[in-house]
Amino acid sequence: MDDFIWRALLAGLAVVLMSGWLGVFLLWRRMAYFGDTLSHSALLGVALGLMTGTNLNLWVMLICVMVALLMLYVQHNPALGSDTLLGIIGHSALALGTVALTFLPNIRVDLMAYLFGDILAVTWFDVALTWGLALLLMAVMARVWRPLLALSVHAELAQVEGVKVWQVSASYMLLIALMVTVAMKVVGVLLLTALLIIPAATARRFARTPERMALLAIVLGVLALMLGMVISLQLDTPTGPSIVVAASFLFVLVQWLPQRSG
Amino acid sequence: MSTPLLAKLENVGLRFRQRVILHDVSLEVYPQSILTLIGPNGAGKSTILKVLLGLQKPDSGTVWRMPGLRVGYVPQKFHLDHLLPLTVERFIGLKLRRHDSAAVRQCAVGTGVEGLLEQPVQSLSGGELQRVLLARALLHEPQLLVLDEPGQGVDVTGLSELYQLINRLKQEHGYGVLMVSHDLHLVMAAADQVLCLNQHICCSGRPEAVSRHPEYLRLFGDLRTAGLAVYTHHHDHQHDMHGCIVPLSDTKGQTHG
């Protein structure tokens, strides 16, 4: 197998590992829209990175972390917390990023690679960065798993029982921001939320505990990744969308299987 | 003071967009005592609980809780998303840093839900859910129980049993209980102290005294004459916590509506 396929597979595996742990909470906390807002704003980071000629990853990370903190503020101020506001932030950043990219005089920018991902172009550095973040994420998730679960079940009950709501919410949001930075290369900013929610939603049917649902989401994510890459290489289709198509296919497929859980 | 105070509110006031939610509310909660809040919809009952629990900051007044106070809370609205697979056992144990099956089972036995531990939370009926919530509140030996309408969704027979259970828990463990309730006739039987609320405290005191207070009568009418107070009848059987028919015990003397 060619080198680029190995790199793609390794980076993809790390991203799927992250999206499994994070995605289930996106479902449980009804935050799919937050995922969109965050990933859309990544394009603004790309534009800023290219314009200033500095490190792209850092800019994307910076913008995503800033938007995550902004959303956290919105979430804790119910007067502002509406889907409308999230939509405004995410789409404004996406549009602003796209417009800004056209102003770059000397650089040929492949916009499609940012919108839909270009996993076959990842470098060894990207692979190392992705795995580094994946390990960091798992270490943090191991610490916040229980309080985050309690929070997702009932925030006020958890708070009365001593969960530090703000800190736990903030760590979760920041983890999504970090994941967006590396997952952008795999499926692109437009389809990133799909990677978070589709395998998790598929896993729900078979899971009786929260942990099993997350593990199953990872397994299904890996399946979708491999299936998508095979489709992409065989039929010469864009890889990111192919992975999401594979994930959706699995979701539809399991709806026909008998249900085991209540 | 002989009995230690668990928590108190002093002259608490709260507004939301010009609307007065609470005005000058003071109350004290003691161990081994049930303080019940009653009042019409929108009177601020749940808000008082949230202020006392520290979930909501008041605009004025002070909130005091005993340092290190362990609280068991039953919130008013509980709904678990269908997408979250969770058994009753895990739900009750979420309160603990490390899951403890024995402790969870013990609390479940206490509220009569030990048979439901393997069930998904979403499959519970309204009455079962309230008992499960109560079991979670009881875990980790709380000193104060804060119950927001613990009787919602519970049928009439189950209701009097639920209040008897709360009463028994108070006596056996010495919990202080602060609760909101709509079940007026049962409140009057089960509370040590009743606080009638309508943004401010209309009247308070022993149940018998409150039920004769003019402010109470203006808000709720006279239960004895309005015909609201339920026709009294005798049952030749009663239902236990699972709805099974059990013989009527002499001690309980089920005469309820």
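Placement of Cβ uses the backbone N, Cα and C atoms for every residue, glycine included.
According to TrEMBL, the feature transmembrane segment maps to A:6-28 (among others). If one looks beyond the transmembrane segment (A:6-28) by at least 6 residues along the same chain, the residues whose Cβ comes under 8 Å of a Cβ in the stretch are 34-35, 119-120, 122-124, 126-127, 130-131, 133-134, 137-138, 141, 148, 152, 172, 175-176, 179, 182-183, 185-186, 193, 195-197, 199-201, 203-204, 210, 213-215, 217-218, 221-222, 224-226, 229, 239, 243.
Only residues 6 or more beyond the boundaries of the transmembrane segment (A:40-73), in the same chain, are considered here, and those with a CB under 8 A from a CB of the stretch are 34, 80, 86, 89-91, 93-94, 96-98, 100-101, 103-104, 107, 109, 114-115, 129, 166, 169-170, 173-174, 176-178, 180-181, 184, 189-190, 192. As annotated by TrEMBL, transmembrane segment applies to A:40-73 (among others).
Away from its own ends, the transmembrane segment (A:85-107) comes close to residues 33-34, 36-41, 43-48, 50-51, 63, 67, 70-71, 74, 189 of its chain (Cβ-Cβ under 8 Å, at least six residues beyond either end). Marked as transmembrane segment by TrEMBL: A:85-107 (among others).
Sequence annotations record features per position, and here TrEMBL assigns transmembrane segment to A:119-142 (among others).
According to TrEMBL, the feature transmembrane segment maps to A:172-201 (among others).
The transmembrane segment annotation in TrEMBL covers A:213-233 (among others).
Residues or ranges marked as transmembrane segment by TrEMBL: A:239-257 (among others). Counting same-chain residues at least six beyond the ends of the transmembrane segment (A:239-257), those with a Cβ under 8 angstroms from any Cβ of the stretch are 8, 12, 116-120, 186-188, 191, 194-195, 198-199, 201-202, 205-206, 220-221, 223-225, 227-229, 231-232.
Panel annotation: around the transmembrane segment (A:119-142), residues 4-5, 7-8, 10-12, 14-15, 17-18, 21-22, 57, 113, 148, 171, 175, 178-179, 181-182, 185-187, 229, 232, 239-240, 243 of the same chain, lying at least six beyond its termini, place a Cβ under 8 Å from a Cβ of the stretch.
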